[in-house]
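Taking it in order: structure first as structure tokens, then the write-up.
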Amino acid sequence: MKLLKFGGTSLANAEKFLSVSSIIEENTQTDQIAVVLSAPAKITNYLVKIIENTIKNNQILETVHLAENIFMQLINNFLNIQSNFPHKEIEKIIKKEFNELKNIIQGILLLKQCPDNIRAIIISRGEILSVFIMKSILQSKNYNVTIINPVKNLVAIGDNYLDSTVDISESKKNIQNMNINQSNIILMAGFIAGNKDKKLVVLGRNGSDYSAAVLAACLDANCCEIWTDVDGVFTSDPRKVPNARLLKSISYQEAMELSYFGAKVLHPRTIEPIAQFKIPCLIKNTNNVKSIGTLICEQNCSEKDFLKGVTHLDEIAMFNISGPHIKDVGSVISRIFTMMSRGNIKILLITQSSSENKINFCVYEHDIYKILYLFNKEFQLELKDGLLNPFKIKKNLSILSIVGSNIYKKHNIASKIFSVLGALKINVIAISQGSSKHSISLVIKKENILKAVQHVHNTLFFNKKTIHMFLIGIGGIGSTLLNQILKQKQFLDKKNIEIKICAIANSKKILLLDNTNDLSNWKNDFKKSTQKFNLELLNNLIKNNHFSNSVIVDCTSSQLLSEQYVNFIDNNFHVVTSNKKANTSEWNYYKKIRKSVAQTGKKFLYETNVGAGLPVIETLQNLFKSGDNLICFKGILSGSLSFIFGRLEEGILLSQATREAKELGFTEPNPCDDLSGIDVARKLLILARESGYNIELKDIKIEPLLPNNFKIYEDTDKFLLKLKELDVYFSNKIKQALNVGNVLRFVATIEQKRQFFIKLEEVNINNPLYKVKNGENALAFYTNYYQPIPLVLRGYGAGNNVTASGVFSDLLRTLS
């Protein structure tokens, strides 16, 4: 025996009714089939609306006609699809049902209310008509059909007309006494049962699924299939978490936990009978019959797939009960549970403080006023005598739950969850582990639940580490960085690293990207973008940031942008920058950035500020962490000047060498910054501050390469033209040095007596800076550990490729 249950969306029209009949036919080849049917989609909602409109005496007949027309249109469509369908017979049944409904409505109009027993009769009409229609379809295909009347055979416990529970033992006896022919297809309306007086009652929310589970138990079915409009149970709601995965199988206990904490596929009551009688339950999709679905069974899940889902409940309120004189907290909890049970109120989660004088529990917000009334009545004396404090209520909360087999045995699950929430700046208000040890639940603000679910899910179910990158500046460095990221995609995929480019901007406009954008075509997409860029837009993007690992990448030389770094960091962004302006601003701002980093746990990475792709900053920081101290520093910190002076040695004129350096991407946007020495001074300032010196840019003495009276042009072409006036002067200086076996180098120096200066020096062949040219940088650190031979870092210190690679490296360091 196999039981099949079909939901309302599977019966929404004539075509879907026939699809369901085909599924039933196919299954009859191997098993006897019992079928439980819901009302067609929308019908139950219309029937509820009929009751509401009747009580208000508003648009009654219009709503009745809407519901009736769904059925009439449905059976009319059968005429075009299946010629032998008994259209007239079913039409009579439908009209009879709706005529009876209209008579019932007259009684409601007189009473101006709808008793529960009448409400149950009205809202269950859809299921009954579904059975009549399916019976006619199957009989027209020459199948023998037996209809089980749930009012006569499913025995409801108690007198609740709208949310009954079935006595499976008694119901089983009734159904066995029917002696149903084994060759017949069994049909039964879902959602319905009968009380001890054989009066119709309904089974509450998701009652048709519950009916199916009950009937499966009564028939000793070897399988229960729930056919719906989704492929099965997912690791999270696919509408909210697009990369949620279909679960092939889950245990009864896991299914119970998932449904209890918000998963929509099955109601906990549905799982109870199939778990009790160990009936495997398969969730299938009528719109995708080839999908394997999800099997719910007794077998424990494999160790590999111990995590099963991330789900949530919304519209939650948390009550806080406390008092300085609670002597017996167990008694208080007992009274709370008794009181809530009497009021038919569900406690979703409960926690108790270690001091045993405070209890928190969560309920649905719609129960708040009912609870307050019951509490004030139950604890009237304790409140009056000050033994209990006035109750505190927190609203607008959600419960985030993580479900899996023996989740408590996995020591790193909680740490991963808290790490994600911490990165998102989401505070956990309460935490609880289910008594079944199959779930962990956390209470957070409702406004944070969507991003919490998405990021916790992605962290737990995917090993992939994600960076959400906002790139500002797409000149030489920025565009090269994008090309490097594209080139390294396969390598990053192997390392389970994903870099998502969320925005690309320059000083004029911004391109916002999503997962559908093809990054290989970013230049054309950027040209087409019409959205103007400004700091206000950027700040709005930042405030609405829902990502756990977001990075602002600054590849500009903008002072204004650098002044926003504290704001970026405080709003949950890492900052990676090739822009030296922030680190060379006033000391107070320099410290303010680092204070924000310390407070937020975000990263501020600027390796390229001094040596482009050379590991200068990290090396220096690691030296100091290990207890070393700087004694003296000598370095060539300008790749552009390294290139220029190398070319001068080869007989190239200054103006020509400078133009070549700019064309190769070695210089700043205006080469004047390089030749003035100010760019080197900024780098030396950064090194000095990293070494513990509290200094400003003005404390660095610069002996400029350019004469004091040399006119500076902001226009690059004019500046390079003007530079020709110095060609002969520098050619002569180079020759003088070479004549005595020396070379000219523009050297930055830190000496122990707080001496910081930059000047053009002659260096001999024994100096570590002697052979440095062609765009190389060289940094010689004399420290307690490295003397008399210094620690020397040497390599290309300018150029788009090496600088972009340094930024790329910093970007990846945000994951550590």
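Any Cβ shown, glycine's included, is placed from N, Cα and C.
Straight from Swiss-Prot, the features:
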type	residues	note
REGION	1-250	region 'Aspartokinase'
REGION	251-471	region 'Interface'
DOMAIN	402-479	domain 'ACT'
BINDING	ILE477, THR556, SER557, SER578, LYS580, GLY799	NADPH binding site
BINDING	ILE477, LYS508, THR556, SER578, LYS580, GLY665, GLU668, GLY799	NADP(+) binding site
BINDING	GLU607, VAL610, ALA612, LEU614	Na(+) binding site
BINDING	GLU668, ASP679	L-homoserine binding site
ACT_SITE	LYS683	active site, proton donor
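Shown are the binding-site residues THR556, SER557; the one with the most C-beta atoms within 10 angstroms of its own C-beta is THR556.
In the predicted model, the domain 'ACT' (402-479) has a mean pLDDT of 87. When DSSP labels each residue, the domain 'ACT' (402-479) comes out as 34 helix, 22 strand, 22 coil, counted as helix, strand and coil in that order. For the binding-site residues LYS508, GLY665, GLU668, a Cα-Cα cutoff of 10 angstroms around ILE477 (NADPH binding site) retains GLY665.
Taking the C-alpha atom of SER557 (NADPH binding site) as reference, the shortest distance to any of the recorded positions LYS508, GLU607, GLY665, GLU668, LYS683 belongs to GLU668. The shortest Cα-Cα distance between the residue listed as 'active site, proton donor' and any of the binding-site residues SER578, GLU607, VAL610, LEU614, GLU668 is the one to VAL610. The least crowded of the recorded positions LYS508, LYS683, judged by other CB atoms within 10 A of its own CB, is LYS508. Its Cβ taken as reference, ILE477 (NADPH binding site) is surrounded by 27 other Cβ atoms within 10 Å in the chains shown. Nearest neighbour of LEU614 (Na(+) binding site) by Cα distance, taken over the binding-site residues THR556, GLY665, GLU668, GLY799: GLY799. Summarising the environment of GLY799 (NADPH binding site), the number of other Cβ atoms within 10 Å of its Cβ, over all protein chains shown, is 22. Counting in whole angstrom, VAL610 (Na(+) binding site) lies 8 from LYS580 (NADPH binding site) by their C-alpha atoms.
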